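Taking it in order: structure first as structure tokens, then the write-up.
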């Protein structure tokens with residue numbers, strides 16, 4: 001840069017910017033399939049991964065499916081509105097976990113059941129005081145967010 | 001009077017001498033009001049309980065971490081094109097502030113993530129690109145101190161800043177196109193009123209203003225220090241030559 005005239009410096013920067021925008025664009029194009037953090041239940045139902053493959057599944061915990069069994073084992077179903085995949089998990093659940101809430105689980109898909117080794121809760125970007133929710137519930141107008 | 005006249009170090013010093021004090025005062029007022037309001041006078045969230053209060057540190061620091069890199073990008077471009085030394089020194093001065101903001105955002109995020117998500121860290125696209133931004137900050141500062149000649153150092157760090165801006169923008173927009181990630185959507189969007197209830201939103205705005213003024217005051221202070229170091233260095237060289 002030191003020995004260059006101003007006009008040439010601007011030309012170099014414009015070329016560099018074009019390259020950087022192109023690299024950003026490549027992230028953008030590759031993102032949906034190449035850099036997935038988790039798979040949706042529909043994707044898992046369509047192309048079930050082999051039982052020895054460890055992957056993540058993400059979606060909402062289906063209402064009325066959460067069963068806390070004996071000991072620490074719990075079962076529930078995860079859904080994205082399309083397919084429903086049953087999940088079995090042994091361990092401690094995060095605070096935000098619950099029916100109708102988002103979750104991401106790591107594990108294997110064996111005989112139609114997702115055997116999770118780790119469960120994470122997923123939070124959406126809604127923030128509301130608990131008093132407001134209690135009041136809304138008391139009036140019967142509260143709707144569960146579909147995050 | 002043209003904006004570019006502030007590129008004259010003497011003009012810059014005279015102007016910032018008047019601006020810096022008020023910026024520190026505004027930062028102190030906004031931060032103490034915003035943080036006290038946020039920590040002690042807001043209700044608990046309906047799902048997160050009192051853990052929600054960490055957004056008063058996490059959101060402003062993450063916001064500043066990304067925007068400081070954008071500011072460094074702008075000042076680096078001004079240096080590359082117009083060769084104003086003050087501009088290059090402002091970028092150099094902003095980096096340590098930026099890396100601190102990034103570290104605060106990473107740590108508060110981990111502290112929030114453990115009880116809420118169930119993990120301190122996940123290789124989610126947004127988290128990962130933010131971590132890369134943190135490493136870029138470290139590399140940027142290392143490159144400044146690795147090169148002796150100040151103009152060469154300014155040139156090379158400016159180019160590094162151009163490259164790093166990809167990750168600054170990625171960590172901001174990752175949630176928009178990687179919708180299958182762990183991190184929630186932006187808390188600071190134009191439709192934020194729908195997402196964040198006003199009782200959380202107003203103190204958050206005050207905290208954002210506080211973090212911004214703190215950055216402004218610190219970056220002016222550090223830029224002035226860099227200019228004085230340059231002057232001292234020039235005087236030493238002149239004396240040695242005499």
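Any Cβ shown, glycine's included, is placed from N, Cα and C.
Quick look at what TrEMBL annotates:
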| type | residues | note |
| --- | --- | --- |
| TOPO_DOM | A:1-9 | topological domain 'Cytoplasmic' |
| TRANSMEM | A:12-31 | transmembrane segment |
| TOPO_DOM | A:31-147 | topological domain 'Extracellular' |
| BINDING | A:123, A:127 | heme binding site |
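Here the topological domain 'Extracellular' (A:31-147) is broken down by DSSP into helix, strand and coil counts: 20 helix, 45 strand, 52 coil. On the 0 to 100 pLDDT scale, the model's mean across the topological domain 'Extracellular' (A:31-147) is 81. Residue counts for the topological domain 'Cytoplasmic' (A:1-9) under DSSP, helix first, then strand, then coil, are 4 helix, 0 strand, 5 coil.
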